[in-house]
Amino acid sequence: MKIAVEGCMHGELDKVYDTLRELEKAEGVKIDLLLCCGDFQAVRNENDLQCLNVKPRFREMKSFWKYYSGQAVAPYPTIFIGGNHEASNYLWELYYGGWAAPNIYFLGFAGVVKFGNIRIGGLSGIYKQQHYHLGHYERPPYNENTIRSVYHVRHYDVLKLMHVKEPLDIFMSHDWPLGITEYGNWQKLIREKRFFEEEVNKRTLGSEPAARLLNKLKPPYWFSAHLHCKFPAVIQHGEGGPTTKFLALDKCLPRRGFLQVIDIPSGPGPHEIQYDEEWLAITRKFNNVFSLTRMPFTMLDEQVDTQDDLQWVRNKLNARGAKPIDFVQTAASYDPSCQASNPSITVHCRNPQTESFLQLLNLPYLLDSSNSYGVSRNESSSQTGQALDSDDIELPDDEDDPADDDD
């Protein structure tokens, strides 16, 4: 199976798909799957643009709306995770994962799926210590603080991934695991990106939770993006233990290392995206401690037995199959023929995919403000939040600088 992996998409679906078509023709190969490591920018319309953490003058519609509306169809099954430049309102609709557009699947804030017999896991967002132990308290409409914190990685999602026991083939994170530069040519990295030198030397470049997941999951492949450069590394997990091939990729620009194709042995098929029964069992077990306020998330016993839930899920999937629930549009698509109008206030929309997914697992819907576990929309939009640090400086997307390490 040939899998293409792309770094930061930044809404350039047309360009990436065109590049893959050209590669297929030039190399005489067939691409079976595309993976994207974040900053996908699934922007459907002007309202979604307001939920994208990019300065207004740099906000662009790009090309995702074509695939959402049906004007274009993704030529390859596509799986993506979230980064720190996303239409966060739309991804929150699909917190557990789901079709963002036909043939384009969001892995969720954390998730595992199967493609054929290949297991693919991922963690969306970037790590910021000040929000890591909080619940998912942010709701649209976002203010200047919650538009930044909504995509910050949470302990709750990492803990779920730490309970994955069956081997994964591929894992994706947006930011790099902490300390990964020690396993590659870090000297070359800082020659090309001088502004990383201090963080590399102090061993502060990257995500500590991602490093813990790397040491726990030990997947053969780990892909990241975020820092707009290509960086390979090989991690040996103990003497005689398994190895992980790590690769960070750039954003979609000419003469940049934004794309890599790997060949993984696989079964005969069908090569389609399917639910992963172990991940569904973990999701079912952890949903009753899903924190949706600013209160810190804590668990007295971090080792949770999911065997009963796993058997329950197996019985359920044996009855209905493992194919995900079909794509459903929940908002009007951008229309370039219409004059731009003032965006309306964005509020949470219950996505029928998510509702059906929760019904499948016999779980309550907790993502909006109409339940006692969450916070009201007014509360979330008026939170003053924590003071911004130096990483909160927004840089234009085309500068060759740590633009994506802004918050």
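Any Cβ shown, glycine's included, is placed from N, Cα and C.
ASN84 is the only one of ASN84, ASN89, ASN143, ASN145 that Swiss-Prot places in the divalent metal cation 2 site (with ASP39, HIS174, HIS226). Going by what Swiss-Prot states, the divalent metal cation 1 site holds CYS8, HIS10, and the candidate of HIS155, HIS163, HIS228 recorded there is HIS228. Annotation for the binding-site residues CYS8, ASN84: lowest Cβ count within 10 Å of the residue's own Cβ, ASN84.
Counting in whole angstrom, HIS10 (divalent metal cation 1 binding site) lies 13 from HIS174 (divalent metal cation 2 binding site) by their C-alpha atoms. The most densely surrounded of the binding-site residues HIS10, HIS174, HIS226, HIS228 is HIS174 (count of other Cβ atoms within 10 A of its Cβ).
On the backbone, the CA of CYS8 (divalent metal cation 1 binding site) and the CA of ASP39 (divalent metal cation 2 binding site) stand 5 Å apart.
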